[in-house]
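*Asks:* Handing you a structure now.
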Amino acid sequence: MSLFILVALPFLGALLPGLMNSAGRSATAGVTFTVSLTAFVGLLTNLPTILEGEVVMARVDWMPLMGLNFTLMLDGLGFFFALLILGIGLLIIAYARHYLGRDDNMGQFFTYLLLFQGAMVGIVLSDNILLLIIFWELTSLSSFLLIGYWKHLPEGRQGARMALAVTAMGGLAMIAGMLILGQIVGSYDLSEILQHRDLIQADPLYVPALVLILLGCFTKSAQFPFHFWLPHAMAAPTPVSAYLHSATMVKAGIFLMARMWPVLSGTPEWFVIVTSAGLTTMVLGAVIALFKHDLKALLAFSTVSHLGLITMLLGTGTAFGAMAAVFHILNHATFKAALFMSAGIVDHAAHTRDIRRLGGLSRLMPVTFLIATLAALSMAGIPLLNGFLSKEMMLEESGRTVLFGTPWLVPALATFGSLFSAAYSFRLIGHVFLGPKRDDYPATPHDPGAGLWLPPAILVALVVLIGVAPFVVEPFVKLVTASLLGAAGVVPEAHIKIWHGLVPALFLSLIAVFGGLILLSVFKPALRLWDSTPRPEAKAIYDAIVAAAEGLARAIILPLHNGAFTRYAAIGAVTIFAAGYHAWITGTLDAPTRTMQPAGAVPIAGWLMLLGATAGMVLLHRNRLLSLILIGIVGLMVSIGFVFFSAPDLAMTQFTVEVVTIILMLLALNFLPNRTPVESSVLRRVRDAGIAVAGGVATFGLSYHFMLRDAVSTPISEFHLANSYKGGGGTNVVNVILVDFRGFDTYGEIIVLGIAALLIYALTETLLRGPVRARLLNRKPDQPRAGDTHPMMMVVLTRVLLPIVLMVGFYIFLRGHNDPGGGFIAGLIVSIAVVMQYMASGFGWTSARLRYPYHGVIGAGVLTAGLTGIGSWFVGKPFLTSDFTYVRIPPFKEFELATAMLFDLGVFLAVVGAVMLSLESFSRLARLASEVDDDHPMDIDPSREEDDADGLTSTARAGV
Amino acid sequence: MTHWIVAPVILPALGAPFIVLAARYHVGIQRVLSVAGVLALIAIALGLALHTSDGTVILYRMGDWAAPFGIVLVADRLSTLMVLLTSVLSLFVLLFAIGSGWDSRGRHFHALFQFQLMGLMGAFLTGDLFNLFVFFEVLLIASYGLMIHAGGNTRLKAGTQYVLFNLIASTLFLFALGSIYAETGTLNMADLANRAALVDPQETVGIRVAAVLLLLVFAIKAAVVPLHFWLPSSYAEAPAPVAALFAIMTKVGAYAIIRVYTLVFPPNMEATAGLYDLWLLPAALISVAIGMIGVLAAKRLDRLVAYSIIGSMGIVMVSIALFTPSGIAAALYYIVHSTLAGAALFLICDLVLVGRGSLDLKPRPPAAGNAATAALFFVGATAMVGLPPLSGFLGKLLVLDASFNSDLVVWIWAVILGSGLVSIVGFARAGSILFWKAHATKAEDDGVLLSPPATLSYVAVGGLIALMAGQTVFAGQIHGFATSMADQLFAPQPYISTVVETPGKLSAPAKGDH
């Protein structure tokens, strides 16, 4: 079967259990089993090629520029692991079918399980190390989901997060390590990397790469000091523990060390780090395991210990050590998975896993007893079982290993670990199954159906088979070892035998077994000693670290983002100032190219007024009405400044904008207190003043700098001045720039204006629907109202003015192209005309007389401008291309017609609509809050016709 | 002359006023028009992307005026990619807004949405700096309108801060533009590239300050720490579909930096040398750290996602700050990913809110639609923290790979990988509380059972996730495209000559000044 299909099958198959969930549990388990079986058979079809010592390759380019490709490789090592993953996977699926209860969502479980299986197969088949990382992290993720499968259990949730955090940390480190490795070799393909042992080991980056990759391996394979997550992962359902956390996933780290063995091993760094980590883990795990009362915890720590054993074997860097490692991987997978399944059976039957509450199960559950005992004896290293063989090899290898220059250190510790290993194995048999039958089990233990005991039984059969007839698997082990060693070593001649003669390893083995028996016989005092010894609790440390990290994160983030805008702005301003200052001082400065213009008396007077108004603003800003007036002065002076600099268009615009703004602000002030309260301390105001002054000085300095210097090349405005009449048909350059040269900018700006109005409207709408409505309705004016809200003089005057102002607006609009004016100013002027009506005659009166909704006016304006622009498409010109011609309609003189005028009309409409819509939105608030009857424009109106007025009133009311 | 290039700007700019004029009381018509407009945008964007994929630079002269005197739109690989990304994102966001009913919770959602699209498209397509300012204004005002859509006190407060901070940025933009015009006398980017090279080495302070001010404007938009303060609360408080659309807004800043600092002030330009080397990369690294630490610190899901946006923008900025072709290519790949992932997560926030009634990271009983939402959250979070298999991992890998030769490589790797771990812990904690712990939490007696989110909402989120899956599967092609894009950016001469040398109205009588 193609390797692609082999890897893809579990992933694609993962969809099925979820789909089949409602079809029943057997169907769900059935499809899962079928998917796994298909992959298993597919793997076996590659067996002949593997046996010939060949490597199956498959490749599809994925990110060739990056060097990340979908390259798969099946060699002996990969085949071995894939066989374990898929073979044990089949047994686990069968077991889980009977293990999971009716309340468990089996579809979800098997979906996760198949995702895991696919990821795991991917790891062992990857030829590209970046691809390998992808599958690697996928196993972490699927393991996270499986540990947390029982969502209601806090242990499951915490265990899942801990496992994810630890393994993800290692995974991230490994990413860095793999990237370095790839950079050294120039390729991320394993088949390429494995050829460059010398190149890699000579590189200065070898050690960082090694440490980072090992960090990944150690976290995944639960090596000291990262071993603590594995026991907590036992909160997962037992099939998961048996599959992920003993047989396969935790071996991924081991696999990677084996994979990288040809290029990474053999250096002192590798030897010291890997061997000592393995040895420590082995001893530590074994000791802790003996004193665990939870059956699964005991097995978990024993797994940690055995993983340490394998790691240590790989660390020695010898071919024999590698072979022993391979063999022990196989043996451990068989007996440990069987033990976990047995533990699950006991838990299922007796409703407890606490060894202290068990004992005497041998007669109640004879089948389980047999299976568990054989597996445990193998774990203890008893002859005729497979555990014995690999443990002998390990002890033999340890005898040859010299760590830290001390020849006895490794064999002594290895024997010590084996002794504890034997002890906890015996304890498992003795304290769970042997002894007197008890009458206080939480439930009556009994042997389960074949569905639960058959899968472990098959594994135990393998345990016995390999133990009795090791020559059956020897060729396979050697094949795998050869593939592991690659070009870096030669498969040892030694045969795997039960009897080697009276070699030192045998004596060590005997010490371990009998020592274990003796240790168990003094278990009670040993336990008391253990319990009284203070030792660090890994979970507590981890929890403390996470809690501290979270506390630290909150301590950094929350006060920093406390919602105080003034501080945000202050930090922003200081940053801008600092970066700008840095740019300034690192640049070069030459003499100015222009001289200062002489300042006349009038400009100086204007400048002083501007300054005075600004200073007044700073001092008097708490009085809001006063500050509004001062803003008005500033605006006026700016307008005059524009006049002074010969920009009448800008001056007119600025002036009209000022008028409209002040009116709108006055309306807004109506809803605000008269004075701004003091909210900040003196110190903060001093700080803010400092920042403000610095910003002002910087702005002044920059402006001053540029005013005394010419541009590096002729400014584009020269072109605009030269071509305004010839190309744009207008003598008013400002207007031609606005509607022609840079009409697209204007188009954008009128849209901004339109949006602003729409949003003021939308804001008012939402305000009026919320709690603000009630507040407005209950609002009491804080000052006495004027006696005559709508003075007659003003009403009469504004009405007389209306047609005149409209006429002026029209005139300004028309003359715009050649003289100061244009759509923007005209729009503002017309708006002012209407605003005056609002002010003089009241909102109600004016609203009732409106024929065109302002929304429509805005929409029409923007549409007109846009469609004018599109119009030029029909003559094959780009958007907004203008044209003009001169026409003569008697009795008028000849005048110019430009398409730009149509565009200007759009501008005009958008401005009128936007200003009026904003005003109307304010007025809606005002009308709600105002108790004064606005219906009548004048308090005394002799010509009032009651009927008509009433009619208008009701329309106006309906509009609210 | 083809008008297609201006269509992405004009289409929404006509659609929005039409909605205001004719359909402002009919949400049904608005929806049809809005979706149809976005679909058309996608089609146009695809066409433009295909057209420019061979390296063609399309020029469009507004009003037929030649650059630099008039405004030009320029489409190259980079701008069409951004246009395409925006239009595709907007479709799913729009579908979600319709499905969840957000669009009818206030006035003018669709009009503002279209205007917002117009601003985005214009910003990506314009070849003129002042015009870019105009589109920034369109963007800002429309996004403010969208942000405070449907109102509410906290939202209005966050909106005020948002608009105020961005007005500071706008002011700064004007200062920068004024300085640039005073120094060079032009606003067209390509022309600016020519004229910036003419700056007298004896007097570089002017152009340096101008360039750095402009960079700061874009950095504010890109939420680079410490100019990011406007982002967390405004994104968290904005309506979910709006926040999702905002995922592209930070990218406008990133886009502008890439554009201006490869074209106008390229890294090898002497006058502006050493301008940002000192602080931009460290600031980007701090952004990554602050963002991901914020993920761990957040007490609400929406805040958490907002911080993750800051973090992922930090990664984009790290990659940009390398200013190498491979760095820019990685940044472009990551920009696409970060936009999709951020948008998906904000939409998922709303799914959680609808089903659960609260975004507080405190245990509550299982929510309506829990399983589907949890699955989407898992995938979205995986993508955001950069775990395999989705595009987030590949993007991070590209950034790490691109930074291998940087002086700060150790810092870059340590910060990106380390903060990745922190965000994993943060997201795992949030997901565990929201979706797992719920099963161990008893419902209160008076607990009102909320209805599950609408199917269309799930479709929209699923669509975004499918896009990320697509970005993963076709990572090779996309990265190849990004690389050719980066190469085009680092060889801007064809772009410059296309813009500057194409004649327009009245440009024949050698009015040119260079």
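Using N, Cα and C of the backbone, Cβ positions are placed for all residues, glycine too.
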*Asks:* Quick one: which of A:12-35, A:36-59, A:852-875 does TrEMBL have down as transmembrane segment?
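*Replies:* Matching range for transmembrane segment: A:852-875.
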*Asks:* Do we see three or more Cβ pairs under 8 Å linking the transmembrane segment (A:242-264) and the transmembrane segment (A:326-346), pairs being at least 6 apart in sequence?
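*Replies:* In this chain the transmembrane segment (A:242-264) contacts the transmembrane segment (A:326-346) - 3 or more Cβ pairs sit under 8 Å.
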*Asks:* What stretch of A:326-346, A:498-520, A:689-707, A:750-772, A:895-919 shows the most Cβ pairs under 8 Å to the transmembrane segment (A:852-875)?
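*Replies:* Going through each listed stretch, the top one turns out to be A:895-919.
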*Asks:* From the DSSP assignment alone, can you count helix, strand and coil residues within the domain 'Na+/H+ antiporter MnhB subunit-related protein' (A:794-916)?
*Replies:* 87 helix, 8 strand, 28 coil
*Asks:* Pairs 6 or more apart in sequence, C-beta under 8 angstroms, 3 or more of them: is that satisfied by the transmembrane segment (A:651-669) and the transmembrane segment (A:895-919)?
*Replies:* yes
*Asks:* For the domain 'NADH-Ubiquinone oxidoreductase (complex I) chain 5 N-terminal' (A:62-110), provide the mean pLDDT of the predicted model.
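*Replies:* A mean pLDDT of 90 is what the predicted model shows over the domain 'NADH-Ubiquinone oxidoreductase (complex I) chain 5 N-terminal' (A:62-110).
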*Asks:* Among the recorded stretches A:450-469, A:498-520, A:565-584, which has the greatest number of Cβ pairs closer than 8 Å to the transmembrane segment (A:326-346)?
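*Replies:* The stretch with the most contacts is A:450-469.
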*Asks:* I need to check the long-range neighbours of the transmembrane segment (A:450-469): which residues 6 or more away from its ends have a CB within less than 8 Å of a CB in the stretch?
*Replies:* 88, 91-92, 94-95, 97-99, 330-331, 334-335, 337-339, 341-342, 344-345, 348, 367-368, 370-372, 374-375, 378, 383-389, 498
*Asks:* Run through the domain 'MrpA C-terminal/MbhD' (A:610-673) and tell me, per DSSP, how many residues are helix, strand and coil.
*Replies:* 54 helix, 1 strand, 9 coil
